[in-house]
């Protein structure tokens, strides 16, 4: 099926994965920096500053530290970008884009979402720097803590959607979106609010933003795994993290609030939703909170979001 | 898990100055700390023996930036003690004003850096923005934002007319509500700050005495050893202020002491500006400095500064020696860092407000 392969390639490389997600992710990053600056009564950089940063990094040399594992050190960022480009192609945009089932279902997506964190761990340990090693252990700890709430929230939504479809569980994001477009967005269902909160609290930790920017804390471990990176390799890691914000926020919108109208307006509404989540969810927390300690963050996740996730699942199942 | 070593410093984003900590780390816990100093030794003490008494005012001001008023002031006090110079009362008031302006700016800088290390950038920005009021005061009154060159032997080198006094009071009126109404309550109640600073880097009162700690570090553990109260110099004896102490001896207590002292300093400034007597602000001419020895001490923002001067009747010191507060305080880092987490190390270091360039000069 050459047609299908071409479509898939287009989805992964151009839209909505690849180039589009890259550009959109960088704009979201710029928006976030600008919003934080405004909250701190600063002017802030121009919206396209992240593009400029990436361009600058791409024009520099990548230094590979002595004593590092060169292969892992250089390929880890590539893997992160590739994984995120595929993941971005799997995110439906309500009314505008329906991912092909050939890309895989939500289980694949959940695995892909963890790839950047794993890459950071690999990169940290491959760099041979003690700060990278600390970043590794912190990334691992916080990942174990936030994966629980994520899975619980996703399963709660999938089970509710599956109930509407007459299946035990709906593992296709496209189906979950379709159900909500018929039955109303899940964000309006109070029974799913705990799951929504669990998902929202997962976002800053997964994206490595305050108050959970612990593995890459600049004033503590000198950006941990990123410490030894420079030039294009660092640029790729930054691209992967920009892509990840699109994936994680887009997944949240698909799970809870896919309300865009059909056609081009759907894309516009989706982009606006992403921007709102970025400013209200990420920038606000960044401006209002300090960093937690790793033990505090892990404890926090094991307490509140985990509880919310369990409550969300129980409520969702009890209500079927 | 085996312990492994990580270097903190000599260049590190959370340290303003070069200092090297070699940490033996067991997971996130610190097993042992080794502190190495000496990266910014510039031989200033030796240099003072090759400069005359007036050149040394300029030189001692450049020992350190944040306490750059305490050094020349204490130095001038030793020279005045040897020469038997009576400093005019107005000059003494002006000295206190210069000193307290510097203290406010220095303490605000330190608590701002605390917020930066915690990753609370908005609070950092807010405190630094408020600190600009004090920086503008320095620039307007003294003509410079850091080295204010206020002191000279026998008096001060700046004047305050009525317009400037009124303007200064205005600036204090702008700053005080921000400190009292916004910044201090934030540090006292914000969860981000409390969860990272309470119970971190604790040092008890007894340890403070044994290590001879000075300044806000000692006062954070309940030891009220403020030189302005214990051995009043200039006109501190006539001024009404409280020595701020806290009891817990953790990073948070030391920050709260500094915030409290900012408020006391604003009060001292207000009293000085109201009481400022008429008269000369310096002595005419250059007095001869006879042979002799003298010691003077003042309360710098970081604690007690002691200057010792020996002269032989020439125009240059035979020996000038000083002891700065950070020298006393940084040994206690070993106590404070015992069983600390890696993430707490920069916080603990910052909490003693170390002045490396003072200590190593």
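Just so you know, glycine gets a Cβ as well, placed from its N, Cα and C.
Where the annotation comes from TrEMBL, it is an automatic prediction and has not been curated.
In this structure, residue B:45 (Mg(2+) binding site) is part of a helix by DSSP. The C-beta environment of residue B:45 (Mg(2+) binding site), restricted to residues of the same chain at least 6 apart in sequence and closer than 8 Å, consists of B:320, B:321, B:322, B:361. Positions annotated as Mg(2+) binding site by TrEMBL: B:45.
According to DSSP, residue B:67 (Ni(2+) binding site) sits in a coil region rather than a helix or strand. Marked as Ni(2+) binding site by TrEMBL: B:64, B:67, B:355.
As annotated by TrEMBL, Fe cation binding site applies to B:67, B:358.
The average pLDDT the prediction assigns to the domain 'NADH-quinone oxidoreductase subunit D' (B:118-281) is 88. According to TrEMBL, the domain 'NADH-quinone oxidoreductase subunit D' annotation covers B:118-281 (among others).
Positions annotated as domain 'NADH-quinone oxidoreductase subunit D' by TrEMBL: B:288-361 (among others).
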Round to the nearest Å and give the CA-to-CA distance linking residue B:67 (Ni(2+) binding site) with residue B:358 (Fe cation binding site).
9
From the Cα of residue B:64 (Ni(2+) binding site) across to the Cα of residue B:358 (Fe cation binding site), what is the distance in angstrom?
5
The domain 'NADH-quinone oxidoreductase subunit D' (B:288-361): DSSP-derived helix, strand, coil residue counts:
27 helix, 28 strand, 19 coil
Inside 8 A of the center formed by the CB atoms of B:64, B:67, B:355, which other residues of the chain have their CB, for the recorded Ni(2+) site?
B:63, B:65, B:66, B:68, B:70, B:71, B:300, B:301, B:302, B:324, B:326, B:357, B:358
